[in-house]
Amino acid sequence: MSDKPSIYDCQAGSLFTSDSLSVFPLNIVFHIFKFYSGFHIYFLVFFTFFDLFSNILFFIVLSQKELRNSGFNLTMMMIAFCNFTNVVMKLIEEMFNQITGSEKPYFKAFYKRIYAYLKLYLSSMAICLVVEMAFCRVMALYTTHSDKWNGRKYSLVISSVLWVTVGLICSAIIPMYSITKYNPEEYSFTISNGYLEDECITFRSTLLFFGIIFVFVPCILNSIFFLMIIFKLKSLEARRRKTMRSIKSSHIDNSSRMLKAILIMFLIVNIPQVLILVFHSIFMLDYYLFVAPIISELIQAADVAYASTSFIIYCAISSQFRKVFVRLFVPEVLLLPAVCSPITFERTTGVLSYQ
């Protein structure tokens, strides 16, 4: 018998048994997820390709001259880059799985090791960039230097610090995994033995550390920033109504509305993952044997659906974004049936008008 530690040594006893899934309310939850699993592949394929193209379009539109000078839009471009790269890497992984099948060549295991780091890095950066956007919006609303906090300079400085800092912190995941050689042609991507010793205390601590730094703390900060933005906007609205003046704050209000929608989606997706991560780090055996097989597909679906929400929010709220999008991607012939309609289309502004 091999003394090599495994994931089964991470927990002395299990909370659940195979019979636990037949107990109310776990049986209801189990059947709901089982019903969804029949549609999961179609949902996943649709949103994977939708994420791919929507983030490309999102990046192109925001990079236009009239939009890229905003610090808010610049940060959204970085988030689109993170989401797009994650989708591409996932597609490459699926391509490797299709090409090699059950074979375990070295390049497949090596790619999985690179992918583990980059996935954590880019996912964490996308989360931190949302926090940065919320922070800059709060500073723009609560200080007298709103133009500076809305501009590109502060966003570039903060995001540059984040790219370096998050990259260094995420490098802690590199020694967690290793490539094990079984024979001259078979390699496996596994958890390093040192992380599985002493009931996986190092593995648990590392997971909990990443969960606190990159999920729990951002959720707390974004919740605070969300409440601060709502409070300030309500006070500004009350002041405008009292003075009956039209203060030029439509751009700030519009950006804040988009940010509120993004923060709401962020909290909806990430708060359940905080709870799951805590359970994962404490009851690791129960997670891998009972919880992960049930909820992993739903978590995956939530992640791929969330990756395209920013594009949808911009299309729904920002009229300027829609104008630029129409100008770039909608053929003029579809908007200007010149022979039979008096409607004209301004290519420079993206506005429909009657003559």
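Backbone N, Cα and C define each Cβ position, glycine as well.
Curation plays no part in TrEMBL annotations; they are all automatic predictions.
Model, not experiment: these values are computed from the prediction.
Mean predicted confidence for the domain 'G-protein coupled receptors family 1 profile' (54-314): the pLDDT average there is 85. Residues or ranges marked as domain 'G-protein coupled receptors family 1 profile' by TrEMBL: 54-314.
Under 8 Å from some Cβ of the transmembrane segment (39-62) lie the Cβ atoms of residues 68, 73-74, 76-77, 80-81, 83-84, 87-88, 90-91, 297, 300-301, 304-305, 307-308, 310-312, 314, 321, 324-325, 328-329, all in the same chain and six or more residues away from its ends. Sequence annotations record features per position, and here TrEMBL assigns transmembrane segment to 39-62 (among others).
According to TrEMBL, the feature transmembrane segment maps to 74-92 (among others).
For 120-142 (among others), the entry in TrEMBL reads transmembrane segment.
Beyond its flanks by at least six residues, the transmembrane segment (154-177) meets 71-72, 74-75, 78, 112-113, 116-117, 120-121, 124-125, 128-129, 132, 135-136, 148, 189-192, 195, 203, 206, 209-210, 213-214 of its own chain at Cβ-Cβ distances under 8 Å. Taken from TrEMBL, the feature transmembrane segment applies to 154-177 (among others).
For 207-231 (among others), the entry in TrEMBL reads transmembrane segment.
As annotated by TrEMBL, transmembrane segment applies to 261-283 (among others).
Annotation comment: TrEMBL describes 289-317 (among others) as transmembrane segment. Same-chain residues lying 6 or more positions outside the transmembrane segment (289-317) and placing a CB less than 8 Å from one of its CB atoms are 14, 16, 20-21, 29-30, 33, 36-37, 40, 43-44, 47-48, 50-51, 54-55, 57-58, 61, 76, 79-80, 83, 86-87, 254, 257-258, 261-262, 265, 269, 273, 276, 279-280, 325.
The transmembrane segment annotation in TrEMBL covers 324-345 (among others).
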Between the transmembrane segment (261-283) and the stretches 74-92, 120-142, 207-231, the largest tally of CB pairs under 8 Å belongs to 207-231
